[in-house]
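These notes are about the structure you will find just below.
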């Protein structure tokens, strides 16, 4: 009887374990498929795949991971992988923007805005992963010597959510980049078509000119030389007439300028004479008054000097 109960208990536990582990497999299947696509895609996808592999390793929460999470090594490596991913993504985006030059400005701006938003979401997802690991390290260090099972469970749950969000945003970014690339290809094809449309009339004109030259080649050389001489003569006469007209205009303009200069010089001369006369009328009375004062002063000085040199009468008489 005990053996029967033991067999039933083992069967029940095995069934429970199968029910618990069963939902995990479909969850990781798209992730593995997405990882395989990244490893065979663009350089930015390869860099994101390396970030993804590192995140899967961290999510195992093995003993080695637990030890390294207590040091900044994990976050430093994640930062390096993040920077590498964003750098490759920006380079790929710049390459696509160069190919989008023939596309309309409005379309290019809209695609660029959507791609920047998707790129920002992917960067924010990776930044959340790093921030969560930094927070976990701080919490573990604060609970040193205590049980961290609850912290590990919370971290595992957060990492699963962040990984799903990262997968979703990376897939969205891939789709938008595909649209971006399709727009670049379409723009390049439109550019080629536009060039072909512009070159078509030129080619036709060249064909017409070639036909005209061929027909002219059949004419006698003397007739063509005579026609060319007449055209040159008419052209020279036209240029000579224009030159003479231009010279006449220049002469008239020079005469007008000379007349204006002479008139201005005469006006300036009259103004100078009037100003000189005005100055003379101002200063002549002043000069005459100064001369009179000076003469009076000289007379007074002479009188004073004469009085001082007169002989003094003697008292002997």
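Using N, Cα and C of the backbone, Cβ positions are placed for all residues, glycine too.
Swiss-Prot lists 80-255 with the feature region '8 X 22 AA approximate tandem repeats'.
For 80-101, the entry in Swiss-Prot reads repeat '1'.
Taken through DSSP, the repeat '2' (102-123) splits into 19 helix, 0 strand, 3 coil. What Swiss-Prot lists as repeat '2' is 102-123.
What Swiss-Prot lists as repeat '3' is 124-145. Cβ atoms under 8 Å from those of the repeat '3' (124-145) belong to residues 51, 55, 58, 69-70, 72, 74-75, 78-79, 82, 85, 151, 155, 158-159, 162, 165-166, 169 of the same chain, restricted to positions at least 6 beyond its ends.
Secondary structure at residue 147 (phosphoserine), as computed by DSSP, is coil. According to Swiss-Prot, the phosphoserine annotation covers 147.
Predicted-model confidence for the region 'LDL and other lipoprotein receptors binding' (158-168) is 88, expressed as mean pLDDT. The feature region 'LDL and other lipoprotein receptors binding' is assigned by Swiss-Prot to 158-168, with similarity to another entry given as support.
Taken from Swiss-Prot, the feature repeat '6' covers 190-211.
Taken from Swiss-Prot, the feature region 'Lipid-binding and lipoprotein association' applies to 210-290.
Residues or ranges marked as repeat '7' by Swiss-Prot: 212-233.
Annotation source Swiss-Prot lists repeat '8' at 234-255.
Among the features that Swiss-Prot reports, region 'Homooligomerization' is placed at 266-317, with the record citing similarity to another entry. Per-class residue totals from DSSP over the region 'Homooligomerization' (266-317), listed helix then strand then coil: 44 helix, 0 strand, 8 coil.
What Swiss-Prot lists as region 'Specificity for association with VLDL' is 278-290, and the listing cites similarity to another entry.
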